[in-house]
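Engineer: Sequence annotations record features per position, and here TrEMBL assigns [2Fe-2S] cluster binding site to A:C219, A:C222, A:C234. The domain 'FAD-binding FR-type' feature in TrEMBL is assigned to A:1-93.
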Amino acid sequence: MYAVLSKKRIAPDTYDIWLSHPDIYRYAKPGQFLIIRIDEFGERIPLTIASAEKDRVRVIVKAVGKSTYKLCAMNEGESVSDIVGPLGNPSEIEKLGTVCVVGGGVGIAPLFPVARALKAAGNEVIGILGAANKDHLIMVDEFRPFLDRLYLSTDDGSAGIKGTVTNPLKEVIADYSPVTIWAIGPMVMMKFVSLLASQNDIPCWVSLNPIMVDGTGMCGACRAEVGGEMKFACVHGPEFDGRLVNWDELIKRQYQYREEERVALEKYVRELGEKDG
Amino acid sequence: MAEKFKVRMRELDPSERVNSFEEVALGYTKEEAIAEAKRCLQCKHKPCVSGCPVGIDIPGFIKALREDDIEKSTRILKDANNLPAICGRVCPQEKQCELACVVGKIPGSEPVAIGRLERFVADQNISLETAVKPSVNKRVAVIGAGPAGLTAAADLAKEGFSVTVFEAFHTAGGVLVYGIPEFRLPKEIVAKEVEFVKSLGVEFRFNQIIGRTIPFEEIKNEYDAVFIGIGAGAPRFMGIPGSNHNNIFSSSEYLTRTNLMKAYLFPLYDTPVKIKDRVAVIGAGNVTMDAARTVKRLGAKEVHVVYRRSEEEMPARIEEYHHAVEEGIIFHWLTLPVEYIGDINNNVTGMKCVKMTLGEPDDSGRRRPIQIEGSEFVMEVDMVIEAIGQTPNAILKAGFPAVRLNKWGSIDADEASGRVDEGIYAGGDIVTGSATVIEAMGAGKRSARAIKSYLLRKG
């Protein structure tokens with residue numbers, strides 16, 4: 001059992017959660033993820049490790065389906081049954097020069113350890129953080145010490161530049177010629193950042209978070225076409241050069257369980273209602 | 001003269017079972033078991049034992065059963081086999097012990113139903129305690145809690161070694177819990193046999209993927225010997241165009257969702273699994289039958305097994321095939337899918353297939369399937385499960401740098417002992433590629449023996 005040590009709401013439906021874990025901190029590197037199973041009935045939820053310290057590990061979770069709602073509803077002192085991690089390959093962090101990190105929505109969280117490590121490796125790091133509106137822009141102050149420049153964007157213009165992250169990214173590419181881009185966020189965002197990177201011939205790492213089951217390379221649920229080959233995000237990734245990803249196919253795969261997810265969430269909400277009533 | 005035929009085992013009626021995950025084969029009553037045990041000739045040269053990968057004293061346990069001493073019978077079984085209730089259900093006895101049975105050589109006679117008797121005896125005394133030798137101050141790490149690992153762990157614990165099993169999932173059993181469906185092997189039986197292994201003093205550490213969550217080097221340094229039994233791991237895909245369309249799954253994914261994550265009880269359990277109307281399952285092995293029968297139970301209207309060779313070359317156990325036929329699974333022999341067709345949302349809508357004919361025998365000794373030109377046709381399906389085997393897991397190469405691999409990417413281990421390197425042993429599917437539960441157990445057993453003599457020699 002792994003206890004919830006603390007939980008803080010940092011944006012609508014988005015929580016910053018520290019969980020106890022005896023040894024993830026010993027091995028976790030930026031870019032890696034873990035899998036949580038809340039209880040006997042739970043599914044396996046892959047989440048990127050936001051940070052790891054002695055005996056504890058941090059995840060940022062947005063409640064979108066039943067399992068993430070359940071996780072976000074847990075309180076300090078409650079426990080989850082299983083945590084497996086770290087999983088996946090670490091980001092390839094090295095001194096490259098000027099790099100740009102682009103985070104969108106809850107994808108800002110997994111970008112954080114990458115940005116911090118890139119800065120520690122001696123890079124000039126330009127950050128672009130985007131969200132639907134200013135309430136959803138998370139972790140901005142945490143990023144500041146590790147960024148040489150910071151751009152914010154929101155879809156509604158309530159903070160930073162109005163529109164998507166590709167607007168400031170175009171500027172950054174024109175003004176600072178970053179040698180590599182990291183982009184983590186919704187698949188559609190990663191698709192358009194990758195397209196821009198491709199047009200400008202810049203390598204662009206994206207972190208794929210497709211539907212997963214075991215997370216150990218056993219089932220192939222998380223497969224994606226990358227560079228014309230079948231890759232498993234869990235063991236060959238999760239980071240890939242976004243310029244090589246077949247995004248349209250992957251985005252369609254992401255919707256496969258939409259109906260089942262709706263059924264599960266509705267049942268959960270109904271049960272909650274009955275419990276409260 | 002003994003009865004010519006095995007005492008029949010009662011089964012759930014096909015019409016009843018297609019909507020249920022209840023176990024299909026119901027097992028013998030005591031009277032039936034003793035009647036069947038009486039068919040055994042108690043041959044002095046025991047040919048059946050040589051057919052058993054773990055070397056159970058088969059005439060011995062049958063004799064004790066016949067004499068109604070079920071405890072003694074259980075002890076004889078458990079002396080050689082730590083998981084007899086599992087083996088009695090999933091072993092291909094017709095190709096092993098029962099193939100060698102003298103009764104079966106009598107024209108018109110069936111061999112003794114050794115598997116059914118093993119199951120009966122094991123079920124009676126599933127939690128029977130077994131004595132463990134005085135403890136030896138040596139620690140062994142077993143990686144993987146599947147059939148090979150559980151067997152190695154139990155045998156070493158019986159010898160007094162201190163054994164820790166590292167398992168990637170949250171529960172023990174490996175393929176017994178994620179792969180083989182409930183209706184063929186109830187998970188309660190697996191849990192009870194795992195309890196038996198625990199009762200020998202074996203410690204389990206779950207959620208540990210050695211080579212990822214703990215470096216292999218660390219395990220190697222901390223333990224006096226290591227046994228690697230991590231299974232074949234990664235699913236094989238045909239790799240034909242359209243393979244990433246929606247509603248195309250590996251059998252590993254489909255079965256893991258259903259069995260391990262209990263998606264057949266969705267939404268009580270959170271993990272969902274897809275259920276469509278016209279499903280194709282590719283392959284013809286035991287896993288193909290498991291996947292086909294599972295999806296039928298979940299509510300698919302039509303389930304089509306598609307295999308590129310003929311019925312004769314089918315690798316599945318004949319009993320499983322018969323069960324599948326009884327349950328209304330439709331078989332298409334000599335048929336090879338060559339491309340998936342999808343709609344605008346990438347949902348699979350059909351498979352372009354070609355018809356095959358059989359040519360000269362290939363490396364496997366089976367006649368090679370050859371495409372018939374101009375035989376292309378489209379089979380309309382809205383879901384596909386590929387059940388064509390596994391390859392070694394990608395973590396193996398990166399996570400076990402000290403371990404030598406062969407040209408198939410499997411661990412290069414000595415056949416007799418499973419020895420890979422000093423203090424490192426391996427067995428089961430990670431060495432042989434996909435094989436049977438009992439073969440993996442046999443490998444675990446041989447390695448346990450080799451590890452014991454290595455550790456005692458090392459002192």
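Any Cβ shown, glycine's included, is placed from N, Cα and C.
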Engineer: Ten-angstrom check, please: count other Cβ atoms within 10 Å of the Cβ of A:C234 ([2Fe-2S] cluster binding site), all chains counted.
Structural biologist: 29
Engineer: Run through the Cβ atoms and count how many others sit within 10 Å of the one on A:C222 ([2Fe-2S] cluster binding site).
Structural biologist: 26
Engineer: Which of the binding-site residues A:C219, A:C222, A:C234 have a Cβ lying under 8 Å from any Cβ of chain B?
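Structural biologist: Near chain B, the qualifying binding-site residues are A:C219.
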Engineer: Below 8 Å Cβ to Cβ and six or more residues apart, same chain only. Which residues does that give for A:C219 ([2Fe-2S] cluster binding site)?
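Structural biologist: Within the chain, A:C219 ([2Fe-2S] cluster binding site) has Cβ neighbours under 8 Å at A:V213.
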Engineer: What average pLDDT does the predicted model assign to the domain 'FAD-binding FR-type' (A:1-93)?
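Structural biologist: Mean pLDDT across the domain 'FAD-binding FR-type' (A:1-93) comes out at 95.
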Engineer: By the DSSP assignment reduced to helix, strand and coil, which category contains A:C222 ([2Fe-2S] cluster binding site)?
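Structural biologist: Assignment for A:C222 ([2Fe-2S] cluster binding site) reads coil.
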Engineer: Could you give me the DSSP helix, strand and coil counts for the domain 'FAD-binding FR-type' (A:1-93)?
Structural biologist: 11 helix, 44 strand, 38 coil
